[in-house]
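Pulled from TrEMBL, these are the features on record:
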type	residues	note
TRANSMEM	32-52	transmembrane segment
TRANSMEM	58-77	transmembrane segment
TRANSMEM	86-106	transmembrane segment
TRANSMEM	118-136	transmembrane segment
TRANSMEM	143-162	transmembrane segment
DOMAIN	211-332	domain 'GGDEF'
DOMAIN	333-587	domain 'EAL'
């Protein structure tokens with residue numbers, strides 16, 4: 001699975017305490033309110049000039065400022081959602097300066113007192129959208145400007161003080177009411193947005209049109225059981241721990257919410273499928289030892305909030321049905337589960353075979369089945385793109401079934417033909433091995449084709465073997481006892497316990513290509529590779545070295561005692577029709593066709 005994203009960390013956007021900005025402080029609402037105030041100020045300023053009539057001093061400057069306020073407000077109404085938040089910090093001070101200017105220009109007339117009421121717009125705006133501390137600071141600046149201009153012009157100080165008192169009361173009540181309303185969208189246990197709060201934020205994000213967002217839904221494993229056994233207090237403590245760890249893990253501009261009793265949701269703006277999966281994996285890793293089923297979905301152009309959330313919930317449900325403690329992604333794009341299944345049905349996928357040879361003679365003994373996909377519109381789709389996604393969305397089960405059927409059919413075609421592989425290895429995913437009936441399906445397929453079990457090898461990664469899933473080990477034991485080979489792929493990159501390895505139903509080790517790549521001209525020390533070969537020899541297991549690309553590497557491996565090798569030096573993955581024909585693409589060597597031995601590993605009591 002993908003690693004955690006490398007974006008800068010900061011606390012996720014959560015519910016806002018009373019000392020912070022209200023939850024309504026988003027660009028859309030701020031733009032609408034600020035635009036409304038500026039528009040109203042301009043219209044009322046022009047109305048005041050019209051009502052005043054007669055000889056108004058500084059008529060042109062006052063009218064000009066009123067028109068500018070009107071134009072500014074009309075511009076803010078549609079453009080507010082696209083403005084950065086920092087732009088709204090400038091508006092209250094700018095408004096206070098404009099009001100102070102018109103009060104000064106209207107000195108000596110009733111207009112001065114009338115224009116002084118516009119400070120109310122400034123005060124309400126600050127308490128509506130900014131923290132108490134920032135609002136109080138802006139209020140103080142506004143009051144100083146108001147009283148100062150009154151003193152300078154000789155107007156009524158009593159009226160100015162009274163107005164400021166009224167403004168302060170109005171602003172404070174507005175700020176309090178806004179925060180009380182926001183509390184209805186806050187979860188009291190975690191202080192995160194609740195379902196209503198998240199739905200509102202998701203709706204705003206989709207309306208903003210700033211790029212496709214993604215939603216990740218975490219469903220905690222065993223939470224209901226914890227509440228039943230340890231009580232509600234223990235459950236609340238766990239929720240607070242999950243919230244705190246998730247905040248630390250999430251990156252800039254991310255919304256984190258408690259969506260249900262044991263569900264947390266994350267809103268990721270402008271995020272692709274792979275990054276959403278990486279965030280989900282990073283969150284699950286941060287929660288350990290608590291585990292969770294994670295579902296992720298990326299918005300499509302016509303998605304409503306309900307549709308996007310439904311896809312994320314469906315993905316989480318699929319992860320839960322597969323045993324939990326995993327991430328499933330529903331990608332509605334070109335590499336989605338539905339698209340991959342259609343590709344299988346329409347024959348866009350093929351299986352290529354890469355030979356495995358003995359060392360040092362280079363006789364072909366077996367082959368590894370490797371799936372390839374050519375999309376009619378996009379061309380070749382790299383396996384490292386569609387296979388990991390298939391593992392995340394669950395379609396790897398159908399993909400594995402396709403490869404198994406193709407490999408078995410090819411083995412039937414190769415039977416009795418000298419110089420061709422007698423065994424074929426297929427890669428098996430963790431999700432396939434989690435199915436209780438996987439081993440039985442494989443054995444039924446082999447029997448239906450009239451093939452002995454020994455012609456098939458299943459390759460599993462070291463990480464898969466390290467996971468404590470009952471069905472995984474049971475399926476491997478059933479296959480091994482029937483005669484199917486079991487190979488550990490990419491050995492040396494995981495964290496297998498040696499005592500655990502000794503008890504595994506393993507018949508072969510495949511050394512990861514990263515160790516082989518270190519072999520080259522002048523290489524004298526390969527301690528890790530030598531240790532792995534010695535370990536395999538001690539367990540009575542043959543070793544296949546992956547990624548062999550040069551004759552020097554092949555010779556060095558043979559000198560270490562490595563029994564088998566695979567890589568471009570011996571043959572690239574190629575269609576079955578090419579394998580064994582002597583085509584230079586495959587660079588086949590040897591005609592032995594000897595079956596790779598599958599000894600029973602030593603077991604401890």
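Glycine too: its Cβ is placed from the backbone N, Cα and C atoms.
Please treat TrEMBL annotations as automatic predictions, because they have not gone through curation.
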Long-range neighbours of the transmembrane segment (143-162), counting only residues six or more past its ends (CB under 8 A): 96-97, 99-100, 103-104, 107-108, 112-113, 116, 119, 168
Dominant neighbour of the transmembrane segment (32-52) in 58-77, 86-106, 118-136, by Cβ pairs under 8 Å: 58-77
Residues of the domain 'GGDEF' (211-332) by DSSP state, where helix covers H, G and I: 58 helix, 30 strand, 34 coil
Positions on the same chain near the transmembrane segment (118-136), where near means CB under 8 A and six or more residues out: 18-22, 24-25, 29-30, 33-34, 37, 40-41, 44-45, 88-89, 91-92, 95-96, 99, 102, 142, 146, 163-164, 166-168, 170-172, 174-175, 178
